[in-house]
C-alpha cells in the first residue's frame with residue numbers, strides 16, 4: 001500500500017513582475033514523506049522562501065499543483081495539517097507573551113485547558129517563564145523563536161514548516177531549538193521541513209533533503225542515497241588534460257568541475273591505495289590534491305552545484321555550436 005506524501009509539489013512555477021516577467025521557480029518537483037526531518041537547502045536567492053510561501057498559500061498565483069497530506073493547498077482543510085514559523089518574528093506591540101499565546105491558541109480552536117497546559121509546559125521547557133507577562137516584540141531573536149514554536153504546536157501539526165529558523169541565533173539557542181524540533185519529529189512522528197543555507201546545523205537531524213539552485217531542483221530524496229552517490233576522492237593536478245587521458249586509460253569514472261579545475265573519482269576501498277601509488281608515479285602531471293571526500297551535507301551540496309554549473313556550460317556550448325552550424 002502506497003503512502004501519501006505529507007508534501008507533494010508538481011511542476012511548480014512562480015513568476016514576479018507585470019511587463020517583464022521574472023521566473024523565480026522553474027518546474028519545481030519534490031515530495032516529503034510523513035515523519036521525515038527534511039532539509040530544504042540552497043543559497044540565498046535560490047527560491048527557498050518563495051517555495052515555502054507557495055506551500056502555505058501566501059502566494060495564490062502560481063502554476064500547477066501543491067498537495068498537503070493529499071489535499072490541495074488551495075483547500076482550507078490543508079491548513080489544519082501544517083504550522084509555519086517564518087524567518088523573521090513579528091508580534092503585536094500591545095500584547096504580552098501570555099496574551100499573545102492565549103489569543104493564538106483560541107484561534108487554533110484549542111480549549112482553555114489545553115492552551116494552559118501547553119503554554120505552561122513550553123514556557124518552563126524553554127526556561128522563559130519569567131517572560132510570560134512581558135512583550136515578545138522586545139525579546140531577543142532566540143526568545144522570539146521559542147514563542148513562535150509554542151504557537152506553532154497548538155494544532156498538533158502533522159507538518160512543521162520553518163524558514164531559516166536559526167538565523168541570528170547564538171550557538172546554544174540554535175542547538176536547543178533544533179534539538180526540540182528533532183524530539184517532536186521522533187516522538188510525535190511530526191514531519192519537519194526546514195529551509196536553511198547553514199548546512200552544518202542540519203547534519204545530525206535530517207534524513208531527507210531537497211536541493212534548490214536558481215529556482216531548479218537538483219535533488220530530492222534520502223540523504224543516505226545521495227551520500228552514497230557522491231562519495232569519492234577530490235583530485236587536482238597541474239595538467240588536467242593529461243590526468244583526463246590517464247583516467248580514461250585506467251577505465252576510472254570521474255567528474256570534472258571546470259569552475260575549480262578539479263576532479264572527483266569514485267573508488268572502492270580496496271582500489272584506493274593502489275590508485276594513489278600509481279597516481280603519484282605518473283610523469284605527465286604533478287598531483288596537488290588527492291583527498292577523500294566526506295559525506296557531509298556541505299560536500300554533497302558542493303558536488304551538486306558544481307555538476308549543475310558544469311552542465312550549464314556544456315549546454316551553452318552545445319547551443320552555440322548549433323547556432324554556428326546553421
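Here, residue 1 is simply the first one shown, and the rest follow in order.
Cβ coordinates come from backbone N, Cα and C, glycine included.
The domain 'ABC transporter' annotation in Swiss-Prot covers 7-239. Positions annotated as ATP binding site by Swiss-Prot: 42, 43, 44, 45, 46, 47, 48, 49.
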To test your reading of the ATP site: which residues beyond 42, 43, 44, 45, 46, 47, 48, 49, same chain only, put their Cβ within 8 Å of the Cβ centroid of those residues? 197, 212
Count the other Cβ atoms sitting within 10 Å of the Cβ of residue 44 (ATP binding site), across every protein chain shown. 8
Ordered by sequence, the long-range same-chain Cβ contacts of residue 46 (ATP binding site) under 8 Å (at least 6 apart) are 212, 213, 214, 215
Judged by the number of other CB atoms within 10 angstroms, which among 42, 45, 47 is the least packed of the binding-site residues? 45
Could you give the mean pLDDT over the domain 'ABC transporter' (7-239), rounded to a whole number? 91
Least Cβ-packed of the binding-site residues 43, 49 (other Cβ atoms within 10 Å) is 43
Cβ density check for residue 48 (ATP binding site), other Cβ within 10 Å (all protein chains) comes to 21
